[in-house]
Amino acid sequence: MVETEVKEADIPPELDVQTDESNGMTTRAVTQFAAYRQGQMVSICDLDMGSGEGNENMEIKLLGYVVNGSKKLKVEIGPLVEWCIEYGNDPTLWTHTARAWYKILSPNKEYQKVHELARRRFELCSRLFILAVTIMPEQCTYKSLVSVLAAPYKQMKGYSEKEILMESNFILDQADSLDDPSLRNTDFAKTLRQKAAQIAKEQKAEQKAEQKKQEKAAPSRKDSTAADKEKKERKKSNKPAAGFIWEPRSDDQAVNSALLKRCAKILNNLMKDKLAWWFLQPVDPVAHGCPNYLEVIKEPMDLGTITARLSSGKVYENAGQVARDVRLIWSNCKRYNEPESELSLMASKLQAKFEELIVREEEDVLKDPAKLVRSSSVASKRTAEERAEAGSPSDIDPEYGASAAERVKKGRTAKKAVATDFGDAGALSRRLSERQMKLAEKNDKSGTEEAASDPVIFEPPPPTPTSATPKRYCIAKRCKRVAKGSSKYCGTSCVMVVAEARVKIMARVMTEEEILTVIGGTAREIHKVVVDAGIKQ
């Protein structure tokens, strides 16, 4: 059976609890309700900022069941004018329209979280009034009442001191407006007033300090010399204009890699900003009072998630992808909130700061991009020369620069090494050409058994000290043959030996599915490696 929803003007008289003949106002009771503004749930406490009567965009309406005994009817009530508390031993929460007063009973399930603010204020003020009029004044100390309020009372919840201080201004306003002075004359009210004043003073001091900091950082209006003017103009030209959106200026791999590494520094700088506190963690639609957030925002994003993705090293390939996710945070915020809201203004300021930071880091990287490439090649050359001079095996991998012990301990590097050897599509080696593979297979016919018997990763034999140009040897232990072409191996047998050892390392920290995803599960040789490594199929 589909329930019929009626307007407030069409409520039948049998649902009226009583009528005040002096002003013609009717009293009714409403339950299973929710308050809405423009289709979105809002707290009835928003009425304190103005009812919005006459402005349809600001009007708040109540949708619920008007009840009287066993009779009930689903009704749209409103627009609401105000809400208030009826004090006494049986306190009541009320709201009214131009037509009637409504006794507010219980919200519907979906509205309970949004109604939490009004409930907290109602219950705190009601309980404080009851305590003030029932116990001796000398017992109404701040410490004692805070202790009592921490425990539940009848159907009311218990509240911490932090929650009490959050509502200090509302509690004091209510105490001052009551005809009965019992509450406002208590030690509790006096202490709470002092604490509220101290909190306001600290907030004002923080705002003043921030204002001074901004004024100090702002450029002086007077230029003492022409050099100062030139310096300021130069700084001004380097700062991105309003609305600027950064785009990568170089396709060089070394530059992009360096800039991606600096994104962690940029995010850390951004997260330390005082305005960034709202964007550090994912939005919780329930806790933050925005139940339809995930309906409006299809791809939520926050700074904490981006930082975690960046730390994993598996999500972002370049700084442009990081910038895309960061900008998604600001666009989501502006899409869900009003353009002139505090959150939207915070997002705009942080967006400008992010664009400025990434431009600054890119400028620093682009000062000498060739230096990035040179430093890498010189380091590789130095490592080979030092190994040749040492004349002893090294457990340092020439490509990744980590010892075998460290790589086994971490596990993650083994995954990277296997991915390099086999490639994303499951090929045995991305670096061995077809011709080199054929040459390697010929060498497999002799001397491979000894090399395969005791595999140890990343330990090549020492090069011949007398050689003018050190030769590159196969990295499998006890294999004394020269590596073919640009490969690190002498043939397919050593490739498989090293691969099997690496898969065994991966098996300690990864599942079968993850291993097959990395090395590719289509090649028979790889499938054999996985089986030989002792992984269940």
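Cβ atoms are placed via backbone N, Cα and C, with glycine included.
Residues or ranges marked as compositional bias 'Basic and acidic residues' in TrEMBL: 1-10 (among others).
Residues or ranges marked as region 'Disordered' by TrEMBL: 1-20 (among others). Mapped onto DSSP classes, the region 'Disordered' (1-20) shows 6 helix, 4 strand, 10 coil.
The region 'Disordered' annotation in TrEMBL covers 199-245 (among others).
Sequence annotations record features per position, and here TrEMBL assigns compositional bias 'Basic and acidic residues' to 201-231 (among others).
Per TrEMBL, domain 'Bromo' is recorded for 271-344. Computed over the domain 'Bromo' (271-344), the whole-number mean pLDDT of the model equals 89.
Residues annotated as region 'Disordered' in TrEMBL: 376-401 (among others).
TrEMBL lists 438-448 (among others) with the feature compositional bias 'Basic and acidic residues'.
The region 'Disordered' feature in TrEMBL is assigned to 438-469 (among others).
Residues in the domain 'Bromo' (271-344) partition by DSSP class (helix H, G, I; strand E, B; coil) as 42 helix, 0 strand, 32 coil.
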